[in-house]
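Report on one structure; see the data block that follows.
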């Protein structure tokens, strides 16, 4: 009997703790969603659940002249998708090369990739800014895409390589005996087998441009070229939170796609995180 | 015996591609010759100017000159542009010299084949060689060029900046020139009272933050993971999805929302405090409480990741270990101490170190939440919660103290790089990578 009672107490306490933690997790999200539906502009609200609901803030997002939400959404989507595609391809190429081939300077190349990834990014911004300026790419989306895609192999190669190392090399060798070219092996064996990892890589490369407000703000000069993150940052900074409910509505719409992707792909995310470091 | 190899190598040394033409590799020869001649022309005509630029960083700033009897402002030398252009040209020169060397070697080898009575490779064979035998190197070329110009070049540039006096208000092109000053920036950073006080203060907080942020999220995550994975807890999947939400929301959004949530005047947190008859706390405006807030909010953001990670480790621990321990009469706590904890620590150690390094550079958590504030009076442009990396941001983009920022950047890099290289070199995936299969 004693054990059973102890068990019940343990479980009850656990459930209580879990409920408290769950509330802490959900509260900020719930609060911002409810705020986005509240009439008025202020941050202050007497009650957690607003007395009346309104969708006027969402309407304002799509009609406002200064907050060009739809344009920015389009811009962001374009930049994120293109740099994701190019970036993923580059990561695949580099990681396939370093995982499957042995050549002079390979270990050094790997260490270089690791080390280069650790410089604080802002410092390179001045140099990249001047470089883009002399290429006359400032205030273009092209510039952002080039920079995001060129940076992708630095962050992704080691993780991807860790995963590719776990695909048995005997598969490649068998295909090679059958006369397959390297490119065919890459396309028919490596690509299909690394689908989960590619999804993870693509997701992280998609989210990066989606939320980058530092570099994008430096490069994109005119509001009609901005991305969502730059626009949101500007809203927070220029209006000093005087229009909090609009900010809340924009936040909800910006966060929604990413949040849904993450929740659905959560298992992949763990695999991705551990692949580079601890596997093998 | 004719010495094709010597002739070909000498011709290639005179100009890229000539040796290949001599070896009757026409297409390759023509392509290489064109590249070679264009390169030679470019470097011979302009290298002097670029070298002058990078060595002197310009000789005249914006100045007035008499033009047609009138004083006119003439655009002077832009030191920073001269520096970057010089750097890019030097990198191009390095690439060109490597190509030149490869070209001579190639002509020599083809000539050797002819000496031995074989036919040198046709163009198709060369292509095949590039894509099959040298597959990896060819595939790596494109990403490597991207990394060279968008990562390595900026980093060299940044390191160079630390040795100049490029800094507001007295040395900002195009109005003024920038000069090389050697180690002066570093000495003032560690020795000049006003700078060193800020530097050491920010450095110490950065380290405290990195330790606290890593430890709290890691053990918090472990606790939550153990809670969910307990025997008898139902709807494990549902709990997991709920607890993953903070991780799924982009930090840009969640941290800006948190900033409002903890707003001292109108934020709901203080509102609840007042509801219970308590005074609100100055969450973001008092130096001490701001530090508490960033740690707490970082727990909210970081615990879910650790939780997912540790859950995935927990599922791999073999059940019979626990059964064996139970037979020996181990209690729940003891089982945790001798089985669970060591297993978790062992398999997540690399991630733990990576997280620590990541936290030293955790720009978002500080910048979006407090922006480094509250301001500390005797700091140089830094606040109480500023990390080295956010201080660096302010020095660069707000204050234009580029040389000081570069010096700080180099120091951050040294700290992080030593951790990460140690971490990576000792990981099994590096040491035994060829033994996995």
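Heads up, residue numbers simply count up from 1 along the chain you see.
Every residue, even glycine, has its Cβ placed from backbone N, Cα and C.
TrEMBL annotations: computationally assigned, not manually curated.
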Looking at B:177-201, B:202-226, which stretch does TrEMBL describe as transmembrane segment? B:202-226
According to TrEMBL, which of these ranges is transmembrane segment: B:238-258, B:259-279, B:364-384? B:238-258
The answer for the transmembrane segment (B:338-358), taking Cβ pairs under 8 Å and residues 6+ beyond its ends, is 210-211, 214, 217-218, 222, 226, 302, 309-310, 313-314, 316-317, 321-322, 325, 330, 416, 419-420, 422-423, 427
Per the Cβ under 8 Å criterion, with at least 6 residues separating them from its ends, the transmembrane segment (B:288-317) contacts 205, 209, 212-213, 216-218, 220-222, 224-226, 228-229, 240, 243-247, 251, 254-255, 258, 262, 281-282, 339-340, 343-344, 347-348, 351, 355, 362, 365-366, 369-370, 373-374, 384-385
Establish whether the number of Cβ pairs under 8 Å between the transmembrane segment (B:402-422) and the transmembrane segment (B:202-226) reaches at least three, counting only pairs separated by 6 or more residues. no
Tertiary contacts of the transmembrane segment (B:202-226), defined by C-beta under 8 angstroms and 6+ residue spacing from its ends, are 243, 291, 294-295, 298-299, 302-307, 309-311, 314, 336, 340, 344, 348, 352, 355-356, 359-360, 362, 365, 379, 382, 384-389, 391
